[in-house]
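Okay, structure first, notes after.
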Amino acid sequence: MKYLTEIDDTLKSILNLAKEQQSRAYAPYSNFKVGAAVLTQSGKVYLGCNIENASYSLTICAERVALFKAISEGHKDIKAIFVIGPQNEPISPCGACRQVILELAKDSTIYLSNSDMTKIIETNAKELLPYGFDL
Ligand code: THU
């Protein structure tokens with residue numbers, strides 16, 4: 001896990017897409033809007049935002065929406081995941097997302113950003129969830 005002092009233009013443009021997607025979040029209960037982007041090895045980008053529900057536990061996180069979109073379109077080759085949160089510090093994915101990422105995108109590079117993209121952490125699935133559950 002490392003803090004990046006700069007990111008290249010390609011990464012920046014994908015992170016920007018995740019930021020745009022953040023505004024689509026449906027988060028009337030927490031008011032905590034999250035955006036995500038999933039980059040496949042073939043160069044496709046899938047976007048996601050968190051979608052909440054009055055029955056709170058039905059809420060789904062932004063990164064799982066983006067990842068499930070990519071997987072459901074047939075991509076098994078996830079190169080990178082970008083997540084951007086609303087706070088001043090980079091977002092930290094929840095445990096459920098870490099478990100899902102470990103299974104579906106275990107070799108991906110994961111970028112976690114604060115709201116204005118001035119603080120970005122680069123990490124990976126294993127680092128986010130050491131000794132994760134497996135069958
Ligand atoms: N959330 C995400 O979408 N991704 C994360 O990494 C952390 C949390 C969402 C779930 C819920 O809608 C809101 O943020 C507050 O927990």
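Placement of Cβ uses the backbone N, Cα and C atoms for every residue, glycine included.
Note: TrEMBL annotation is automatic and uncurated.
As annotated by TrEMBL, domain 'CMP/dCMP-type deaminase' applies to 9-135.
Secondary structure at N53 (substrate binding site), taken from DSSP and collapsed to helix, strand or coil, is coil. According to TrEMBL, the feature substrate binding site maps to N50, I51, E52, N53, A54, S55, Y56.
Cβ neighbour count for C61 (Zn(2+) binding site) (all protein chains, 10 Å cutoff from its Cβ): 22. DSSP assigns C61 (Zn(2+) binding site) to coil, not to a helix or a strand. Taken from TrEMBL, the feature Zn(2+) binding site applies to C61, C94, C97.
Sequence annotations record features per position, and here TrEMBL assigns active site, proton donor to E63. Around the Cβ of E63 (active site, proton donor), 31 further Cβ atoms fall within 10 Å across all displayed protein chains.
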Of the recorded positions listed as C61, E63, C94, C97, the one whose CA lies nearest the CA of I51 (substrate binding site): C61
Close-lying binding-site residues around ligand 1 among N50, I51, E52, S55, Y56, C94, where CB distance stays under 6 Å: N50, E52, C94
Among I51, A54, C94, C97, which are binding-site residues, the residue with the most C-beta atoms within 10 angstroms of its C-beta: C97
